[in-house]
Structures are given as C-alpha cells and as structure tokens.
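> Reproduced below are the annotations present in TrEMBL:
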BINDING   A:His115, A:His119, A:Asp318  Fe cation binding site
BINDING   A:Leu138, A:Val139, A:Ser140, A:Gly141, A:Gly142, A:Asp172, A:Gly185, A:Asp189, A:Asn290  substrate binding site
DOMAIN    A:27-324  domain 'Gcp-like'
Amino acid sequence: MSTKEPVVLGIESSCDETGVGIVRGTQLLANAVSSSMDEHVRFGGVIPEIAARAHLEAFVPTLQQALDTAKLTLDDIDAIAVTSGPGLAGALMVGVSAAKALALATGKPLYGINHLVAHVGVGVLEGTVLPPTFGALLVSGGHTEILKVTSLTKDVQLLGSTIDDAAGEAYDKVARLLGLGYPGGPAIDKAAKDGDRKAFRFPRGLSLPKFVGSAENPGKHRNNFSFSGLKTAVARCVEHFEAAGEPIPVADIAASFQEAVVDVITSKAVRAMVENNLTTVLLGGGVAANTRLRELLAARCASAGIALVVPPFSLCTDNGGMVAALGAQLVADGAKPSGLEFATDSSQPVTQIVLTH
Amino acid sequence: MPNYLSIDTSAHASVALIDADTGAVIAAHTSPKGNDQTETLAGYVRDLMADHGQQGPELAGVIVGVGPGPFTGLRVGLVAARTFGFVWQVPVHGVMSLHALAERVLELDEIPEEFIVASDARRKEVYWATYNRQGALTDGPHVAAAATLPALPVYGVGAGIYEEALREAGAAPQPESFAWIAESAYLAKHGLKDLAAGKDLSNTAPQYLRESDAQVPAFMKQAQAKEATA
Ligand SMILES: [Zn+2]
C-alpha cells in the first residue's frame, strides 16, 4: 500500500447516522450516509434501539453506495477504520462488528478510532492545511468539547466538556418545550431569527468565579459547560407565561436561549485557546451549522487573533469520511492496527485516539 | 467439497463449519459468555477458517441465526453474516434461532409428541416455540411470561431459569436441557434440512418480537395533538 496516500474506508455508527466514507490520503472519494433521524422525530430525541436497528439494515447498502461513488472495489482499499467510541453502545457495536467482518473477509488491517478525534481529523480533507498544534471546539447533539490537538495521531487533550447535557441535547429539549419539533438546533435557530436575544437573561452555566477562577489559579470548571440549569430556566419562563394565560413569546425565548448557549460556548472556547496559546480553532459537530454560533465565534476569534476553520457542513455532522480521514492519518503515521478483538467503549477518552492491540 | 459457515449470536457467540454434502460438523466453537459477541465473533470465525484452510469465497454460504434473542448480540451476528456474504459473494441463509434448540431435542432417545423450546428473553420472559416429534415448528416464535406457556415438556435454558413458574403453569421443564443455548452447529442442521426441502431462507431480518423500547414522551404527544388540531 502507499503509506503516504493510503486508501482508507471509514465506518461510523456511534449515534443515528450510518456512515461509510473513503479517503485517499487527504482526498475525500466518497461519503455515504444513511440517517435514521426521521424515525426519531416523533420522540423528540434519538432513541438508541431505533438507531441500532437502522444501522443493521443500512450498513451493507451504505458500504455499496460508498464503493460505487468512489468507483473502487474492496481490493483497492488499504485499511479500514471504525468508530469504537464514544457513542451509544448498541449502535457502536453494529458498526464495529461490521467493520471486523469486513476486515477479516478482505484481509485488511482494522483501526478502532476515537469519534471525537475523527471530528477533528476531517479538518485535513479538501486541501485544508492545519498548523501542527491547534484547538478544536466540537458541538453536537452528543458532545460539547474543547480540545487541544498537539498531534492528530498521537496527542489530543481534553481542555473542557459538558458536565451534563450536550449543547445539541439542550437545543432538543428546549425545542420540545417551545413546540418547535426535532432536531432542535435548526428549529431554534430559525425561530430565533425573529426574536430578541436580549429579551430574557438566561443563565450561562458554570460562569461563576468559584467555578472559573483565574488564568493563574483556574477553577475546576473553567473550561467546562453545563446546560441543565439553562434548560430549567427556560422551562420556568414558559410555565410563567402559561400560568398567566399569556401567549408564549417563542421567538424571544428561542433567541435568548440560543444566545445563552452560544455566548458561554464561544467565550469559554476562545479563552481556552488564548490561555493555551492556540492560534487556530477548528469547529466541528452538527451544531456547527448554527448561524449564531458561527457568527459569534467568528467575531470573538477575530478579536482574539485566532484563525477559525469550519469544514463543510456535510463533514461536520457524523459521517464515515471523518473516520476514514483520521484513519488515513494514522496509517500514514505508521500506527499499529487494533486487531479483531477490541471492545467498543461508549466513553472512550480523547487521549485514546486509536485502540491498541 | 464446499462448506457452510454457521453463526448464531442470539444467546452466546457461536460459530461452526459444516460440510455441505454430509451435514457433518467440521469444527464448532461457542463462547462461554453471553455478552462478548462484539469482541469475540470475528476472531472465532478467523480461527475456524484458518484451522481448516477455508477460503471465504469458496464457502457454500453463510447460515445465520435471526433470533429471537437479546437485540444487541443478535445484531452483531447478523451484520457480520451479511458483510461476509457481501464480500465473499456467497448466499446468506437466515434460520430462526429456536430451531437450534429443537434440533437438540430430536437427538434425545425419547422425543415427546409435542414440545416447547424456550430461551431467555430477560424481563421475566422467554422466547418460545412449539414443535412436533418430527421437529417441525407448530407454533411461534413468541415472547411471553413463562407462566403463560402451554402445559407441555419444555427444553432449553429458558426452562431452567423459569422452572418454578413453568411447573406452576402445568408445563414440564426438562432438567437435562437447562444449559442448552442456541448453538450454530444445531442451527446449521436445521438450515440444511430446510435448504434440502427447497425452502427460501434468503430473509435475514432479525426476529425481534418486541417493539423498540421507544415510547413517545407525554409532552410530545401533547405537541403532536396540538399540531393535529391546528
Ligand atoms: Zn459526533
């Protein structure tokens, strides 16, 4: 195989997207995704069992579609990479079992890799050149993290994360409260356009001095997030209008809620970049599509002198291309395959970029 | 002489290599544990094939248990079997997993006129089906509380776990079978009979028998009701 430009097939099944992507070096050849999102709409959130059932049915057709798009056969593939975690356990197991069967049947090496680092790894595709050391902000239905990437294949550190809900989960829950449907991110973003983001002052989680501390003497939650208090505050606000028999100002609440989320995420992320001397930040995860998040993050990065990289939206949501992208970096860097015996790890830490044999 | 690869993960991870002409079991292996399908299955298949010089594309096909069984483990086997079939370009045949237990009953010296096989469905329930003396399915598969089963001899691990409830219901749990789980070698035995009889086994859809746990939350129902009336 070409070790500089390996052809890697990536498999993703950690949540509700079944993804198979193919990458040659840093060039994306295919990115087939089958989503079960429509099946979760009536529940207002991802139902793990529904997601896992859908992965089983979608896997082989999605694999076929990726190969067709790339105009390749399995013989052309040098290695296979699969998300081993973090994610929903039952969903991860479908992708990992499929990947192991594929690796065994084709005789190709298999790499079990970290989903969060793959969100960052997608940044190398399409000619984007990242500096050796940079930061990443991941915001999605399943995660909210600030990372420091010293080496994509060897050294990734978690600077901060949510201690309760992911940002996307908070969006889903608030969207339900406001009767805006699922997924909450786009629904709230849309409703917020006609609203006043200063109408209500909702709490910014973990922003009190006792949690934040100072740069020299950082508090325990300086870079961490919490969205459960915010969600409760929105619920109280809605109840208040209901009890008074008044119409609920949906647009104003949506805009004010979104402002609270985006304000705390961007301020904490930018501060973490500055304090860690990181001059580039990559934004990833499905909530990267949120217009207000991008706007405020761009503004705050600009004033702090930080370069902002946002991959195309189809590569920000969960997909197989990002798994293949990180896989190709690992192969090119001479990483050892993970073998066929590894287990899924629903809370795999970012420090574990690839599972070792 | 082609062989079949047989896989069942409805209980434990279980693999076997079966002679397609004679039905003889060339080799078989079943995990002692019920929760390690993801970790063990591919390695078991690799070892089984390597030990017997078996090339994937030369297989007569893959026979896979479609359940019923705990969902997560069941899917691990099904997605692997379908992937093997896709890569090796060999047919994948789906066989209901309780048939593996019924095949084992047929090896007993005395086979009842009609009998039940039962596996563990958790939540105080069993997956079960009834068979006649020839091993033909007469009812099922179902999932139900052990206490609701008909008054017949009951075989399989489900009979052991719910022995008391079955006895109270008038059924006759058979102690010699209390350790029996679905094994791929027995599964293949049934599959080969079906194939010889010309049955179409191309359906590999899992037999979940239960809806996904999902329930529409109360507040969503309200929201939907509002939408519907709006
Ligand atoms: Zn993700």
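Yeah, the Cβs are placed from backbone N, Cα and C, and that goes for glycine too.
Thinking about packing and proximity, how do these listed features fit into the structure?
Residues near A:Asp318 (Fe cation binding site) in space but far in sequence (CB under 8 A, at least 6 apart, same chain), listed by position: A:Glu12, A:Ser14, A:Cys15, A:Asp16, A:Glu17, A:Gly19, A:Val33, A:His115, A:Ser140, A:Gly286. Secondary structure at A:Asp318 (Fe cation binding site), taken from DSSP and collapsed to helix, strand or coil, is coil.
In the three-state DSSP scheme, A:Gly185 (substrate binding site) falls into the helix class. Other Cβ atoms within 10 Å of the Cβ of A:Gly185 (substrate binding site), summed over all protein chains shown, number 24.
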> Could you check which of these binding-site residues, A:Leu138, A:Gly142, A:Gly185, A:Asn290, sit within 10 Å of A:His119 (Fe cation binding site), going Cα to Cα?
A:Leu138
> If you check the binding-site residues A:Leu138, A:Gly185, A:Asn290 one by one, which have a CB less than 6 Å away from any atom of ligand 1?
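If the test is a Cβ under 6 Å from any atom of ligand 1, the answer is none.
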> Have a look at the binding-site residues (A:Leu138, A:Ser140, A:Gly142, A:Asn290) and report the one with the fewest Cβ neighbours inside 10 Å.
A:Gly142
> Taking every residue in the domain 'Gcp-like' (A:27-324), what is their average pLDDT?
95
> Out of these binding-site residues, A:His115, A:His119, which one has the fewest other C-beta atoms within 10 Å of its own C-beta?
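The binding-site residues A:His115, A:His119 were compared, and A:His115 has the fewest Cβ atoms within 10 Å.
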> Select from A:Leu138, A:Ser140, A:Gly185, A:Asn290, A:Asp318 the binding-site residues whose C-beta atom falls under 8 Å of at least one C-beta in chain B, and return them in sequence order or as 'none'.
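The answer is none, since no candidate qualifies.
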